[in-house]
Amino acid sequence: MSTVNVQIGLHELLNGSNAQIQLSVPQLVEKVLMRNEGKLTSTGAVSASTGKYTGRSPKDKFIVKEASVADKIAWGAVNQPISEEHFNKLYTKVLEYLKEKEELFVFKGFAGADRNYRLPIQVINEYAWHNLFVHQLFIRPTEEELTTHESEFTIVSAPNFKADPAVDGTNSEAFIMVSFEKRIVLIGGTEYAGEMKKSIFSIMNFLLPEQDILSMHCSANVGEEGDVALFFGLSGTGKTTLSADPNRKLIGDDEHGWSDNGVFNIEGGCYAKCVNLSHEKEPQIFDAITFGSVLENVIINDQTRIADYNDTTLTENTRAAYPMHAIDNIVLPSVAGHPNTIIFLTADASGVLPPISKLSKEQAMYHFLSGYTSKLAGTERGVTSPQATFSTCFGSPFLPLDASRYAEMLGEKIEKHDAKVFLVNTGWTGGEYGVGKRMNLGYTRAMIQAALSGELAKTETAKHDIFGLEVPLHVPGVPDEVLMPEQTWADKAAYKAKAIELANEFKANFKKFDSVSEDIINLGGPIA
């Protein structure tokens with residue numbers, strides 16, 4: 001199937017009598033309720049269920065193996081190839097399926113808040129609530145922008161269309177396929193809305209580095225003086241909590257680009273976890289869930305329509321989607337200068353990493369590539385004790401290119417803009433999980449505040465004898481003994497053994513990076 005034929009098929013779909021283009025939020029909410037796709041909560045949000053798929057489905061994600069990208073993609077378990085033939089046949093079937101629908105919903109908008117680098121996109125949805133979701137998550141065009149909007153990438157989403165693995169070359173009924181040549185994302189068999197968000201992120205992770213822009217899975221905020229901070233970290237490390245600072249404005253909570261102009265948000269909204277959400281713990285998120293927001297897999301009371309964020313009957317991965325402007329303390333447009341401070345967050349359940357340490361450029365690249373945190377008991381079947389987990393660049397499921405490309409760009413930008421990088425352990429202290437205790441949140445906030453203010457740049461440090469990290473000896477508001485992890489353990493020999501064990505896990509994980517420079521390994525990794 002040629003690109004011309006793809007465009008003809010899209011044109012027919014977009015110009016069909018069933019296509020509802022660029023409906024407003026109230027119109028979409030009405031459609032959701034009339035079509036019985038979801039319910040209205042007491043705060044005016046739409047609550048919808050995603051059926052059996054309550055999270056991303058990484059084994060069902062494919063990139064079409066096309067001549068123009070075959071040598072660029074890091075093929076493997078994350079970036080699974082699928083043939084053009086399989087894609088073309090499935091695409092044709094999905095289009096025929098959607099043409100028969102009574103209504104389709106189309107959103108036109110952008111990915112990328114910096115106008116110089118933004119990607120015009122369109123999303124064709126079978127579900128009205130999915131269209132409301134993308135309306136809130138991506139960047140909404142002005143009326144003037146809409147008149148000249150020409151999409152450069154299209155998501156075609158048909159959650160009720162099920163693939164046949166024997167015929168379609170998929171692993172299950174669900175599929176998320178990206179064709180870079182045809183500029184199409186094809187989604188079916190799953191109702192989980194996050195697949196649309198993360199597909200565009202994966203695309204930006206391919207396109208932006210080609211323009212010399214580092215794409216990053218991180219949150220970002222900016223201080224009153226214009227000083228920018230990035231927060232990288234896997235799930236459960238405190239990224240959302242620690243980047244929501246009343247004294248700093250939020251640039252974005254999840255996906256960013258770093259260009260020669262500075263940092264920009266890729267999105268126009270937030271997709272926040274809301275398990276155990278309360279006004280006391282996360283006031284910004286709690287208050288943002290108003291009319292037009294989307295709650296995913298959250299149980300609501302049949303009578304009062306009040307959301308019960310503590311109920312995980314459907315999944316622990318309950319989510320809220322809302323536009324950036326639903327938060328008070330933000331920067332709009334979501335662009336800022338170059339980062340002054342970069343924070344890597346890790347929840348180390350072995351209790352051996354320092355609560356904060358300063359990183360050299362090589363150490364920053366090493367820990368960026370490592371993307372370390374701990375997987376705790378109970379999060380997955382078969383996990384009975386905490387396990388080290390490594391997610392390359394703090395976002396391996398979304399990286400189409402070789403990881404070293406992103407790390408090299410980070411190193412170059414750190415050096416060029418003199419960004420200070422810190423590794424912050426929000427995990428355990430005084431012993432491993434089950435013996436020690438979780439790091440005091442007040443101490444973590446004080447350490448991050450000291451890093452952001454520049455205080456730590458002039459603080460005396462000591463080199464950690466196993467990890468080679470520079471550990472500050474004094475941080476305002478934090479007891480000195482907390483800063484050196486060995487001092488918090490009653491059994492010093494047990495500390496050393498556990499630290500060496502983790503250092504060896506870092507080294508074993510790093511063996512997969514055969515294309516990185518020796519400097520990163522020799523100057524960035526553990527020294528014992």
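Glycine is treated like the rest: Cβ placed from N, Cα and C.
So that you can see what the record holds, here are the features copied from Swiss-Prot:
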- Arg56, Tyr192, Lys198, Arg319: substrate binding site (BINDING)
- Lys198, His217, Gly233, Leu234, Ser235, Gly236, Thr237, Gly238, Lys239, Thr240, Thr241, Glu282, Arg319, Thr444: ATP binding site (BINDING)
- Lys198, His217, Asp254: Mn(2+) binding site (BINDING)
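On its own chain, Tyr192 (substrate binding site) has Thr50, Tyr53, Thr54, Gly55, Arg56, Ser57, Glu296 as residues at least 6 apart in sequence with a Cβ closer than 8 Å to its own Cβ.
Taking the binding-site residues Arg56, Lys198, His217, Lys239, Arg319 in turn, the residue surrounded by the fewest other Cβ atoms inside 10 Å of its Cβ turns out to be Arg56. Each of the binding-site residues Ser235, Thr237, Thr241 was ranked by the number of other C-beta atoms within 10 Å, and first place falls to Thr237. Same-chain residues with CB within 8 A of the center of the Lys198, His217, Asp254 CB atoms, the Mn(2+) site residues themselves not counted, are Lys197, Phe201, Glu255, Gly395, Phe398. DSSP assigns Lys198 (substrate binding site) to a helix.
In sequence order, Cys218, Lys239, Ile343, Phe344, Leu345, Thr346, Thr373, Phe394, Thr426 are the residues near Gly233 (ATP binding site), counting only same-chain partners six or more apart with C-beta under 8 A.
Sitting within 8 Å of the Cβ centre of Arg56, Tyr192, Lys198, Arg319, and not among those site residues for substrate, are the Cβ atoms of Gly55, Ala193, Gly194, Glu195, Lys197, Tyr271, Asn317. Thr237 (ATP binding site) falls outside any helix or strand according to DSSP and counts as coil.
For Ser235 (ATP binding site) paired with His217 (Mn(2+) binding site), the C-alpha to C-alpha distance reads 11 Å.
Between the CA atoms of Thr241 (ATP binding site) and Asp254 (Mn(2+) binding site) there is a gap of 12 Å, rounded to the nearest whole number. For Asp254 (Mn(2+) binding site), the count of additional Cβ atoms within 10 Å of its Cβ stands at 24 [all protein chains shown].
Asp254 (Mn(2+) binding site) falls outside any helix or strand according to DSSP and counts as coil. The closest partner of His217 (Mn(2+) binding site) among the binding-site residues, by CA position, is Lys198; the full candidate set was Lys198, Thr237, Arg319. The two recorded residues, Thr237 (ATP binding site) and Asp254 (Mn(2+) binding site), show a Cα separation of 13 Å.
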